[in-house]
C-alpha cells in the first residue's frame, strides 16, 4: 500500500502547514482520510516500479497542493510547504452550472471548486457522484464536509480517463502512449501533461506562467523528499491543450 512510501510523518512533512491556524482547511485533510480514500482506488500509487509509485504520489500531492495552496513567495519554509491550506474555492466567479440533460444542476446548489483537486462544475460532480455512489449533484457540500469523500473525489478525477484524454494515473504509469496528434501538440509523457489534463485550457501553450511554475515547485519538493527523479517534460508551456 501507499503507506509504505508515504508514512504519517512524511505526509506531515510534505503538507507541513496544512493545519496552520491561518488555513481555512485546518484539521480537515488528515493522513487517515487519505489512506482510507486510496483503498477505493487500489492501483493508485501501487502500480509499477518503486520510482513510478513515488513519482505518482509526488505528482498527485503536487497538483492537489497547488489547487489548495496557501503559500506565498516569502512564506515560512517556502511557498511549497503550504499545500492543503484551502478547502473551497476562494471567491467563485459563478455557480459553475452548465446546461446538461444528464447532470442537471440542483436548485440553489453551486458547483465551485471543493476538495484536494477543487472539483468544479455539475458535469464533474455528476459522474463523480455516480462512481462513488453519492448524490453529489444534490449535495455538493459533502466534498467539503466528508474528509474521506473529499479525497475520493480527487482520486476519482486522477484515476478516471475522460475520453479522448487519458487519466493522470495512466500517464504516470506508462499506460498512455501519445498519438501522432499528441506528439505534434507537444504532449509527451511527464508532469506537464498532468497540468494539461487538469487545467490545460487556462495554463498550457501560453509560454511560462506562475500557475504552472507553482505546480512544478510542489512536485520538485515532494520528489526530493521521496528521493525520486522528476522525469522529463515537466511543464506544458509549449503544449497545445487537449481538445
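Using N, Cα and C of the backbone, Cβ positions are placed for all residues, glycine too.
So that you can see what the record holds, here are the features copied from Swiss-Prot:
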| type | residues | note |
| --- | --- | --- |
| ACT_SITE | 67 | active site, proton donor |
| DISULFID | 23-85 | disulfide bond |
| DISULFID | 97-105 | disulfide bond |
| DISULFID | 223-236 | disulfide bond |
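For the disulfide-bonded residues 97, 105, 223, 236, a Cα-Cα cutoff of 10 angstroms around residue 85 (disulfide bond) retains nothing.
Each residue contributes its Cα atom, and for residue 67 (active site, proton donor) and residue 97 (disulfide bond) these two points are 20 Å apart. Listed in sequence order, 17, 70, 82, 84, 85, 86 are the same-chain residues at least 6 apart in sequence whose CB falls under 8 Å from the CB of residue 23 (disulfide bond). A helical conformation is recorded for residue 67 (active site, proton donor) in the three-state DSSP classification.
Between the candidate disulfide-bonded residues, 97, 105, 223, 236, the densest Cβ environment within 10 Å is the one around 236.
The separation of residue 236 (disulfide bond) from residue 97 (disulfide bond), Cα to Cα, is 28 Å. Residue 236 (disulfide bond) and residue 105 (disulfide bond) have their C-alpha atoms 32 Å apart, to the nearest angstrom. DSSP assigns residue 223 (disulfide bond) to a helix.
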